[in-house]
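Annotated features, as they stand in TrEMBL:
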BINDING   CYS106, CYS110, HIS193  Cu cation binding site
DISULFID  CYS106-CYS110  disulfide bond
Amino acid sequence: MPALLARLFQGLTYLFYAQPSGVSRDAHVMSTLFTRRTVLTGMGLLGLGLLSGCDTGPKLNFRYGKDLSDKIMGRTFKLKNTAGETVTLSSFRGLMPVVFFGFTQCPAVCPTTLGRMAQAKKLMGRDGEIMQVIFITLDPERDTPQVLDAYVKAFDPSFEALYGTSEEIAVAAKEFGIFYEKIPAGDTYTLSHTSTSFVFDTRGNLRLGLSASLNAKECAEDLLTVMEVC
């Protein structure tokens, strides 16, 4: 049955990625993502109808990001949101967390990544509603709750920011394998840090790593793939 479904998916590749003449690129992107999501959902329902149970750990085929399904990372972090509430990964159960570490005075990669995720969410349409971007600051000295809240919500009102003490941030960063360090810049400093976004499924399993080099459409396609997990 997996081979049958794979052949069906392969046979629809042209439908997904060929751009008809006379159709704008943006319209084709929206149509492609919608069609892909619709067909994959149908394939999932077909599988449910023919199998006695649902595979709890299916192999996902990502086109652009790195498959992290075999990694155990980020499951035990404990930080605070901008309302002062303690949150963990389980606080986002039922949503698709996309975790990114950065800082609000980041000159390029952080705002670019958050902007890209906001665009990807729009491309996903209604499916984007379960995507939960979580921005974890690496600069608790300067990133107060008020600063963080205003920063992330400038990209999308649903985005959340988390903070903690320097020690708590270090523990969380280590859990995700995040490298970061302060770099002096005149009378202040900046930070160098890992720029990967980590995507979990709705049950809290790590699934995907998205590089900062990907565009919004590429991110959206792989995020939709995560959503195909039973």
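Note that Cβ sites are derived from N, Cα and C of the backbone, with glycine treated the same way.
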Exercise. Of all the binding-site residues given, CYS106, CYS110, which residue's CB has the most CB neighbours within 10 A?
Worked result: CYS110
Seminar exercise, completed: CYS106 (Cu cation binding site), DSSP three-state class -> coil
For this session: Would you list, in sequence order, the residues of this chain other than CYS106, CYS110, HIS193 that have their CB within 8 A of the centroid of the site's CB atoms, where the site is the one recorded for Cu cation?
Result: PHE101, GLY102, PHE103, ALA108, VAL109, THR113, LEU138, LEU191, SER195
For this session: Write out the long-range same-chain contacts of HIS193 (Cu cation binding site), meaning residues 6 or more apart in sequence whose Cβ is under 8 Å from its Cβ.
Result: PHE101, GLY102, PHE103, LEU138, ILE178, PHE179, TYR180, GLU181
